[in-house]
Amino acid sequence: MKEAFDLFQEMLGRSMKPDVVTYTCLIHGLCRFGRQKEAMSLFEKMLSQNIKPDVTTCSILVDFLSKQGRMKDAFQIVEMMSQTGLKPNVVTYTSLIHGLCVLGQWNEVTKLFSEMVGRGISPDVQAYNILIDYKCKEGKMDEAHHIFEMMTEKGKEPNIITYNSLMDGYCLQGRMEEAKRIFGSIIARGHEQSVYSYSILINGYCKARKMDDAVRLFNEMQDKGLKPDIITYTTLVGGFCKVGKVMEAKDLVKDMIARGESPDLITYSTLMDGLSKNNNLAEAIELYNLLEKNGLKANIVIYNIILDGMCKTGKLFEAKELFYNLSTKDLQPGTRTYNIMINGYCKEGMLDEAQALFQEMEESSLAPDDFTFNILVQGFLVNKDDSHEAMQLLNTMIEKGFSPNAETASMLVNLFVKAGPNCKEMEMLLGFLPDDYGKGDVIHIDLVHFLE
């Protein structure tokens with residue numbers, strides 16, 4: 001960009017007047033590098049020089065602003081286009097649709113899509129792909145499939161991105177037969193199955209705990225000359241860990257290194273998490289030490305895994321020491337880090353330490369979440385049978401917009417049922433529970449007996 005602006009300044013120095021193409025190229029470059037203020041400033045300068053932007057200039061800005069989530073500003077550019085006689089094209093509309101989808105504003109997307117078609121602008125494959133991907137991520141696969149059918153009826157040929165989105169959507173829902181069918185359609189429609197396509201399906205099988213199918217696909221892709229990437233390997237490592245096959249996960253990492261694919265922190269953290277959750281905390285710590293020795297700086301995710309493992313194995317002293325050493329490693333504990341420690345203290349009955357950490361968390365401007373409150377409430381009920389302290393926490397929890405989870409509510413109800421019909425806190429608790437909470441289950445029956 002520096003060279004481009006040097007040339008721009010040279011043009012001005014020679015009294016050469018930049019035109020719309022010059023400004024558009026510079027604005028496009030600034031947008032590509034995320035230099036938002038400079039791009040908008042240059043656009044305003046362009047307008048002040050009475051150089052009228054064209055559809056391309058405006059579409060570049062609309063796309064950039066939409067990706068930033070600044071939909072109000074993006075629509076202002078579109079309004080300016082209309083006022084100056086410029087007509088938004090398929091690129092302009094597609095950018096707006098993408099931005100609205102990211103923000104989850106589906107009603108606005110529908111209106112915009114209808115407006116686009118009403119103006120005689122035919123949505124392209126990219127526009128349909130955005131809609132399909134959004135519906136897939138929302139888990140609305142029937143609607144995604146309907147858009148897919150509408151797309152093909154309109155003569156738009158789905159591409160590899162379309163199929164990957166559909167496949168990923170089915171995998172996220174555990175509908176592996178449908179995902180497999182889409183995978184087969186890729187070749188049937190004349191497209192090539194990519195490493196990414198295989199990785200999506202492998203991930204689906206791993207989530208479904210069908211490791212034989214995942215490994216079969218892993219071998220098949222290599223037989224076809226496709227080289228697994230770091231995402232493929234890390235996905236399989238996570239899959240093996242999930243089903244307790246830690247040895248296979250370790251062997252896969254060795255194979256990965258032997259084939260020239262360097263594991264990253266996500267790969268290592270996945271393996272560490274698997275080791276820790278499969279009662280191999282010592283090996284997880286050994287791997288962590290190995291990373292440190294080889295100059296790989298562990299991130300907060302890795303420390304959370306180690307801390308969680310320590311807390312769950314009763315190593316509270318070691319966990320506390322590591323927790324308070326995070327600042328020396330230029331790392332700040334997040335809400336999850338505090339939750340791990342608070343949960344560890346609660347499980348060991350160390351409620352004073354848990355409360356102190358909770359206060360420290362709030363003082364450091366970190367917002368507790370529903371998990372924080374639930375584990376503290378449960379801690380007081382299990383270890384102290386302290387309904388008063390639990391109710392105070394519950395009040396704070398509700399004020400902050402959180403709700404007791406099923407386990408917390410069940411413990412509270414059982415406590416108050418035992419306390420008898422004169423228990424004042426019961427009415428308060430009932431006000432905290434969702435209308436349909438406990439219907440048809442044991443808790444509901446207990447409540448009915450209690451209130452009679």
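Every residue, even glycine, has its Cβ placed from backbone N, Cα and C.
TrEMBL annotations: computationally assigned, not manually curated.
According to TrEMBL:
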{"type": "REPEAT", "residues": "19-53", "note": "repeat 'PPR'"}
{"type": "REPEAT", "residues": "54-88", "note": "repeat 'PPR'"}
{"type": "REPEAT", "residues": "89-123", "note": "repeat 'PPR'"}
{"type": "REPEAT", "residues": "124-158", "note": "repeat 'PPR'"}
{"type": "REPEAT", "residues": "159-193", "note": "repeat 'PPR'"}
{"type": "REPEAT", "residues": "194-228", "note": "repeat 'PPR'"}
{"type": "REPEAT", "residues": "229-263", "note": "repeat 'PPR'"}
{"type": "REPEAT", "residues": "264-298", "note": "repeat 'PPR'"}
{"type": "REPEAT", "residues": "299-333", "note": "repeat 'PPR'"}
{"type": "REPEAT", "residues": "334-368", "note": "repeat 'PPR'"}
{"type": "REPEAT", "residues": "369-404", "note": "repeat 'PPR'"}
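Secondary structure of the repeat 'PPR' (124-158) per DSSP (helix as H, G, I; strand as E, B; remaining residues coil): 26 helix, 0 strand, 9 coil. Here the repeat 'PPR' (159-193) has Cβ contacts under 8 Å with residues 125, 128-129, 132-133, 135-137, 139, 141, 144-145, 148, 151, 200-201, 203-205, 207-208, 210, 213, 221, 224, 226 of the same chain, all six or more residues outside its ends.
Break the repeat 'PPR' (159-193) down by DSSP state and the numbers are 26 helix, 0 strand, 9 coil.
Counting residues of the repeat 'PPR' (369-404) by DSSP class, helix then strand then coil, yields 27 helix, 0 strand, 9 coil.
Across the repeat 'PPR' (124-158), mean pLDDT in this model comes to 94.
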